[in-house]
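Structure, as structure tokens:
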Amino acid sequence: MQLRYFKSILPPADQYQKITSLTWAPNNSRLAAVSTDKVVYLFDENGEKRDKFKTKAAEANNPNTYIIRAMAFSPDSTKLAIAQSDNIVFIYRLVDPDTGAEKKSICNKFPQACAVTSLVWPKDRPNEVVFGLADGKVRLGMLKNNKSYTCYAHPENSYVVALASSLNGQNVISGHMDGAIWKFNFPAEEGGTPTSSQLVVHSCVPYSLGWGSCIAAAGNDNRVVFYDLNGREIRSFDYSNNDEVREFTTCAFNPSGDTVVFGTYNRFYMYTFNIQRNDWEEAGHKQIDNFYAVSAASWKPDGSKMTVGSMTGAVDMYDACVKRHMYKGKFEFTYVSKSAVIVKTLKTGMRIVLKSVYGYEIEKINIYHDRYLIARTTYTLLMGDLDTCKLSEIPWDSDGSEKFHFENERVCMVHYAGELHIVEYGRNDVLGTCRTEHMNPYLISAVVQEARGIASESKKLAYLIDLQTVRIQDLMAPVGSTLATVNHDTKVDWLELNQRGTHLLFRDKKRHLHLFSLSGQERTTLLNYCQYVQWVPGSDVIVAQSRNNLCVWYSVNKPDNVTMFPIKGEVVDIERHNHRTEVIVDEGINTVSYALDEALIYFGAALEDQDYERAVQTLEPLELTPETEAQWMQLAEQALATNQLVIAERCYAALGDIAKSRFLHKVVKKAQQAAKEFGGDGTDAWSVRAMMAQLNKQWPVSESLLLAQGKVDDAITLYQDNHRWEDAIRVADSTHHANAAALKQQYLTWLLETGQEEQAGAVKEREGDYLAAIGLYLKGGLPGRAAQVVMSVHNVNWDPALLDSILASLAKAGLYERAGELYEHMSRSSEAMQSYRRGHAYRKAIDLARREFPAEVIIIEEEWGDWLVTQKQMDAAINHFIESGATLKAIKAAIDCRQFAKAAGIIEVLDPREAMPYFRRIAQHYETTGALEEAERYYIRADMARDAVEMYSRAGKWEAAQRVARGYLTESEMRAFYRAKAAEFEAAHKLKEAEKAYLAAGGDDVDKAIAMYKRNKMYDQMIRLVTQYRKEKVPEAHTLIAQQLEVEGNLREAEKHFVEAKDWKSAVQMYRQVNQWEDALRVAKVYGGVNASKQVAYAWALTLGGDDGAQLLKKMGLLDHAIEYAVESGAFAQAFEMTRAGAKHKLPEVHLKYAMFLEDEGRFAEAEAEFISAGKPKEACDMYMHNQDWDAAMRIAERYDPTMVSEILVSQARVAVERKQWLPAEGLFIKAKRPEAALKMYRDARMWNDALRVAEQYLPTKVAEVQMELLSGQGAGGGSGGASADAVINKARGFERNNDYARAIETYLSLTAQDTSNQDQLEHCWGQAAQLAINYQRHRMKDVVNTVSERLQEIGRHQAAGELHESIDDAQGAIRAYCAGRLWDKARTLAGTNPTFSRYIEDQYNNYLLQNQQADELASRGGQHAQQAIEMYVARDEWAKVHELAAQQGPEVASNYALKHAERRFKQGDYAQAAQVFAQHGITAQPQYFELYKSIAQGVLHASQGDRNPVAEKSLRDMMYRLVNVLRSGGGAGKYKVDTDAFQNYYLAAHYLTCAAAAKEQGLKDIAAMNLTSVLRYVGPTIPADRAFYEAGLAWYEAGRKNMAFVMLNRFLDLSDAMDEPDSSAAVIENADFSDTDIPYDFTIPERAYCTESQREDVRNLVLEISMDRSSDQSLALKACEHCGKPTYEANLTCHFCKKKYDPCVVTGYPIQSYDRVVFKNNGPELNAIRDMWNKWVEAFGTDPVTGMQAAPMY
């Protein structure tokens, strides 16, 4: 324990102001402190002052000289007791109990005869406060009556100096002035006697006295002594020899009682109890200088704080803890003692004290779901809920492997060692225990329901004993009695009790939802498919989802009344808030909610609380629906059960049960009258009880109540009113009523009037009037009763006519047995025999026959057996057949009822030919029972040796199977047998046996043995078999093995196999990849020679690098070659490394090549360094010059190669010339000493003035030449050089003014777009030049206008150019200008009707449209333009427009573009789209495209299952239909017969697939299966065989024809197995089942499987299932040929006997019989079909299956 100073909450005064008392409120919310100033200060839990109030004297007139001796808070923290020295104890109320507001008022006061010296308020005693007096008495103040009583008095009236209460509040000790410590015990039970006794006499006055886990006392002798509860001293600490310790003044235990603080002068000592040593220890002391004596001390009830007060009024607060611990950053654990921890939620600041009630040390704490506490001590387990602040502690001993479950907020579930423990939060015991291994939270439901209203407390648990048994346990029973056990036939996967524990909901693995009522012990199935279910929180309403329906049960007592809503998504939750209940449904994109009827939900809550008025108010506003009707009924029944008659009357009135409502109204009136007479509610009155018994149909109860009151007539009337005449007559007879006889006659009359002749006849029979009784029986249609009367009454001569009438009635009623008895009674044996046999009363018939007709006994025995067989009583029929000698019938009956022992015994006497059909079934029986030898014998006798072999194989008796096979099977059967056994042995990993079986089978099965050893990595065995049987594949086998061993890391073995395969290079590569160069070099040297070893050595050197690699290469003479190779491959680091290590003479060359590489990479700075290192500065300069980095180039030239300076300057100047930067270029040329280049630059640019200037300055010899060029006119207008445009214009205007128009024109024209960006200015100048030419220079007018026009068009002024041409009547030039500027309307207007101009304009316009890809405009122009538009659309991939335009151009164009479109889609792999294009837009029959068509067909039909597209198959069908028609109509069918037949096959295969898909969608399963069977004719190149047989087999299985499904799925499995083997073909597959069919036999095995492996396994299981079905013959269906009458495969288009050919049905593909043919033709091809199939198709679709045209049934 550590005490750390926290804060001072009251500062010290400058004078004496003793803190006389400190006390904490038990709820930790307040601290009260008082000093000698008589003011009580109130602080919050953190020590902040919140309030204060001044105390009062005992009497208002008394002087204010009292002091406060002690204070204590009440256990509920709302009151404060103050003991005062002026002979009184005041109780202050601090909190208003009604409003919770803070309010200080005196609620109790206890005046005494002398001064009050001390006070305590024991725990859990809110109305009892204990205080001590100066006269030695300890008194008890009772708050309820405001009186005080003496608990005990000191014999010598010794002053009470201290009081202390035990931790549990059941005891109080007091310390007295004479050193005695007394103990007072409160009575253990109410009314008991309290006791008191002297505990011990302390060594001094025990001013400091406390009681924790033991009693501690100290005083002025400086000793601290600890006593046990009997007063024996257990430990003491003596400080009498310590001068720094003075007398002890106060004592305070922490809430756990294991730590205590004693105050003394300027310090306080702390002591703790060591559990391990079972002793008290000093834990240290706190020195507080200038604090003076500690006058008061108090611990906070949670143990986290300790406060002390001083003589000067100071109050200090200390933080007390053993340790602190942060948990997951969300919680803080403060260990205030070893057995108490404060758990604080950091987010909310909420605190809870986790404390062991047994005082054990808390070792570990965990918090689950941020809410639930789990703590451990050595012997207990602590649990708590942070939200409700409820804690529990239970004894616990485990190894820590228990699992906790917190799904239920009321209880904690602990699963350990197969047992489930239920602990309710807030209780320190285990609520219940059960054994279960199924600890899924969805498989356990616990209900803890507190008492509400009249409803009692309920605690129940539902759990699984096993996965099919639910047990419901009552947790309130002493040992947990079982309320119900629910046995179910399917595994349960969810269960939950409702909140009251009256009903259990559970769901099984089949998604069936069940409701179990605990009261009625009844189970009801609510749903046959349920994917979500939940009780609505806080109610008995059930919400469930069944597929797309939301189901709600508002009343669990009426499970048939369900409310359903259609929904689209999945129910995810149920939310209740703001008086609204909503079901949340996730629809994928969004979430929606469905509101439930809140009124009906509230009704359930009201009924649960038995608040019937509220229940009625809830139901009254609602309409009467099935839900509300059920709830009215539920309320009525519950109201009747609790005698709420008015409520029940209202309920039945609401239900429309007027009779019950009126009856209850009478009962209510009776009860009201009884209440007035006798008091109470009147329901106990005998008349009310009798009526209620009558209502509940408790007739004996009602009768006894009426007879007890002497109400005989009322009792008789009661029975008469309810038509219980016999009870009425019984009452009348028993009471000797005067009207008893009349009552009987009245009863008989009533029976006759109501048609109850049977009852009337029974009355007459009892009276002895037999004739009347017989007449009544016959009248009532009861001839059997009449015959019974005749046979039971003897010595009566009955009228023969009467007897004949009875016999006729018996025959008419079918009572032949009774008629036979009557005939026998009348000694008419023949008629009796006939009646017995007609009524199947064979026992009586045989008895009669043995007496009268012995010869007929055998006949009747067989007849009896036949009849028993018809009644499915085969077991009983066996003996009758044996008795009659019908042996075959006896055997059949014995087998049918599985009496095989009897059948075997009977069959031995039969002829073998007769017994043959039964041998197989008997053999199968013996096989199932394990009698294999007997089974073998019967299989052999049944000529089914193959089945005997398979039986022994299944049983694992291989030798016996071989014995039977060798003795009875054919060669082919033996081979099939060996294959099957080999596969079985391989699966069992019996590889030697499997090898023998494969080799015994021979042929391709040898490859299976080889593959088996390969799969099992037994490579030696594999090579042995390959060498022995497949010598040509030995190298390939070695290579495969080597590759596998390489992957596995077995390199030595892999090398061996590579070498054996003559592939040593792969071995070398293998070793290189794993850096085993020695081995690689060894293999290369041994098998590849010197050159190979050199290559490996070079590669090795590269990996070694540095000197090692170079030395290796040098040693082998490959160093130079390696360097060159490294440079060429860009491995410069290796190249440098090798060069420096062994070939330094090549270093400059490597630097140069590396520099060139860096230059190409754009890394110029690095390249520069490498060029310099290579001694090539010129190349570095060239690099920078190339990149125009002149400064860098100049820097290198000046430093390394000055001869390059001039060249760099010239290059830079030329770049400036290209950029027209004349002056910089001139300066660079001059600097490079190349003035002639500067002169040439200006002359080329016609800048004559600058050229003349340069010549005069630098080249005087060139001055004359330049002047001559200028004077010759080449420089006209150009003398301005770089002058501005304004200068040129001014110069031209000057020429105009001087009438020098020629030079003016040249000057205007000298102005170009390079001189100015002002296009308006340019247009004006050029226009002025043209105008001058027009006006004054007519001879050059046209040239000038053309020049101006060209320039205007260059700057985009086409309209101005055209108008210029028009001004000189140059229409052609104007039109050209307008067309160039796209001014088509102006051009057309100018052209008028001139055809030449118009044609030119349209050509230009078309060229413009083409150049700008304006396809729509081109298309609208038609003709060849449309063709051009189509090509544009093709380029843009706008195929819809392509086909639309192409269709307008004719079918040939349409088919050509369809071909282009399809080709493009085919190349993109979109076979479906390609087929659709041809189907929709036409197809050409040119032979060069036939391969394309076939490839598209194969792409569609050979698609994998995931890529398969029924729409694509339909498009392919339409495409091939078009193609075949085009070929036939164009005469190509004969010319290209093979191709046409192939296309026809593709068409038919696609047609049947399309029809099958459509039929399947409409539920026409037989048509779908027939179509898919017809597809089988085209397996191989047309459609993959595995897909065809797979789909056909599944279709027949869905259609219910298992024999067809078995054969086809079995073929599919054979194909799948063949596909797993390399180089397999269909020829190796057994074809017996398809030998006489038109299904191809020899075809290519597909390379890619159509189905997944899981689907193949499903098919295997399905085939196995069908094979086990003995009712299936497991062969293809046959039919009789119409021509020859022989049986042939039902889908054959050609009879395999007579070769008769049949037309295929367009609906199914099946052959059409002549008598069943219908022909349909409607402006299309003639369609032949089977009548029934056609009608089924047309009724489903309304169209024919080929063209899709409207069609009608044909009968």
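Placement of Cβ uses the backbone N, Cα and C atoms for every residue, glycine included.
Copied over from Swiss-Prot, here are the features:
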type   : residues  : note
REPEAT : 14-53     : repeat 'WD 1'
REPEAT : 111-153   : repeat 'WD 3'
REPEAT : 289-328   : repeat 'WD 6'
REPEAT : 526-563   : repeat 'WD 8'
REPEAT : 597-628   : repeat 'TPR 1'
REPEAT : 754-788   : repeat 'TPR 3'
REPEAT : 858-892   : repeat 'TPR 5'
REPEAT : 988-1023  : repeat 'TPR 7'
REPEAT : 1219-1252 : repeat 'TPR 9'
REPEAT : 1285-1318 : repeat 'TPR 10'
REPEAT : 1355-1388 : repeat 'TPR 11'
REPEAT : 1455-1489 : repeat 'TPR 12'
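Residues 837, 840, 842, 845-846, 849, 899, 902-903, 906-907, 909-910, 914-915, 918 of the same chain, all 6+ positions outside the repeat 'TPR 5' (858-892), place their C-beta atoms under 8 angstroms from a C-beta of that stretch. Looking at the repeat 'TPR 3' (754-788) alone, the prediction's average pLDDT is 78. Helix first, then strand, then coil: DSSP counts for the repeat 'WD 3' (111-153) stand at 0 helix, 25 strand, 18 coil. Taking Cβ pairs closer than 8 Å, the repeat 'WD 1' (14-53) reaches residues 6-7, 64, 66-77, 80, 82, 92, 94, 102, 104, 123, 295-302, 305, 307-315, 317, 351 in its own chain, all 6 or more past its ends.
Same-chain residues lying 6+ beyond the ends of the repeat 'TPR 10' (1285-1318) with a Cβ under 8 Å from its Cβ atoms: 1220, 1276-1278, 1325-1326, 1328-1329, 1332-1333, 1336-1337, 1340, 1344, 1347-1348, 1351, 1354-1355. Panel annotation: around the repeat 'WD 8' (526-563), residues 494, 496, 498-500, 502-503, 505, 507, 511-515, 517, 570-572, 574, 576, 581, 583, 585, 594, 596-597, 600-601, 603-605, 608, 626-627, 629-631, 633-634 of the same chain, lying at least six beyond its termini, place a Cβ under 8 Å from a Cβ of the stretch. Per DSSP, the secondary structure of the repeat 'WD 1' (14-53) breaks down as 0 helix, 21 strand, 19 coil. Mapped onto DSSP classes, the repeat 'TPR 10' (1285-1318) shows 23 helix, 0 strand, 11 coil.
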